[in-house]
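Now, the feature entries from TrEMBL:
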DOMAIN    106-395  domain 'Sugar phosphate transporter'
TRANSMEM  108-125  transmembrane segment
TRANSMEM  137-157  transmembrane segment
TRANSMEM  249-268  transmembrane segment
TRANSMEM  280-302  transmembrane segment
Amino acid sequence: MISTVKQSAISINGCDFIRSKSQSLTSSRRFSVLPPLPAMKTRRSSGVSVSKPIFVSKVESFGGLKRSNETDGEEKSCLVKCKAYEADRVDPIEGPESKSEVARKMKIGVYFATWWFLNVIFNIYNKKVLNAFPFPWLTSTLSLAAGSLIMLISWAVRISETPKTDLEFWKTLFPVAVAHTIGHVAATVSMSKVAVSFTHIIKSGEPAFSVLVSRFLLGETFPMAVYLSLIPIIGGCGLSALTELNFNWIGFSGAMISNVAFVFRNIFSKKGMKGKSVSGMNYYACLSMLSLLILTPFAIAVEGPQMWALGFEKAVSQVGPQIVWWMAAQSVFYHLYNQVSYMSLDEISPLTFSIGNTMKRISVIVSSIIIFRTPVQPVNALGAAIAILGTFLYSQAKQ
């Protein structure tokens, strides 16, 4: 704490603290931290008073005045500028850092709003496509293909920087891509059989699988609060499943498999990508391309072009040519919302991302119930609320 100032900043002449080279080492050490202030006869008024205490909020810069060294003719910077504020002020004087922090928070807010919006749009079009064209393997493949094409074009025209990868990078990415492919297809299969809201309620139980896998397969331990947070997650998901009006075992199993797959995807990603200098956007692009190569032969084997052709003709006869727009929209929006989510990971902590993911799931559940007019019993809604609350408590407990 030092004396207050009349202006928004004070300047302390650094040369007043520089002692001659001819002085002894002992003397230099003695006064290097708190040197005596010399007479200020030739100095201009500093505008400092002792009416109120002040606190230094930041050192702004060094330099501005030059002073010649009498022995060797060198010039040295003499000015140290400090921002300060009075002790009875609520906030320190605003500086460039505070403005940049506000800009950063606004950027994160835009990321979150865009992420949630794109995810809601994707789920709407995805469900419309699956209702008219119930081929989840092809739908999943188109989603990955659209994302891969978008990124290849962006690299070709230099909209985004091409990632520098090597064979080792793709080797470490392969298990991540396998888990991502399984999780993506399983979630799409689930949504083809049950309501979007039910799939996302079950998928809110992913933290429970994360803790169980990490505990029993990886030997990790967690605080008791983490284990306690699993009770409302499991209980809420179970209550929603038991009271779901349009319950389907394939839809339920698909959501559960998706949870397990995404848990392993996160584990493989953390272990394999340490030290890799690839941005979040490019990392997801590479993941999509590798997943597309893995998924395509399985999609052909499970469903096949003949089934797709018959299914497409039936869809066009039922909903018209707009099915093509729906399929294109769900594919593009799938990539965009995932791309934005990975970009946000570059700006925020995993805890903030987890909370954002919880809020995203709430927005998807509510919007899908409204748009598709999904019948929901009060007990079913209570189960969903309990599961979402448990997910939030889990993210807080892991902090």
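Just so you know, the numbers here start at 1 and follow the chain as drawn.
Each Cβ is built from the backbone N, Cα and C atoms, and glycine gets one as well.
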Q: Would you kindly list the residues that approach the transmembrane segment (249-268) from elsewhere in its chain, counting only those six or more residues past its ends and only Cβ-Cβ distances under 8 Å?
A: 175-176, 179-180, 182-184, 186-194, 198-199, 202-203, 205-206, 209-210, 213-214, 218, 241
Q) Do you know the mean pLDDT across the domain 'Sugar phosphate transporter' (106-395)? A) 89
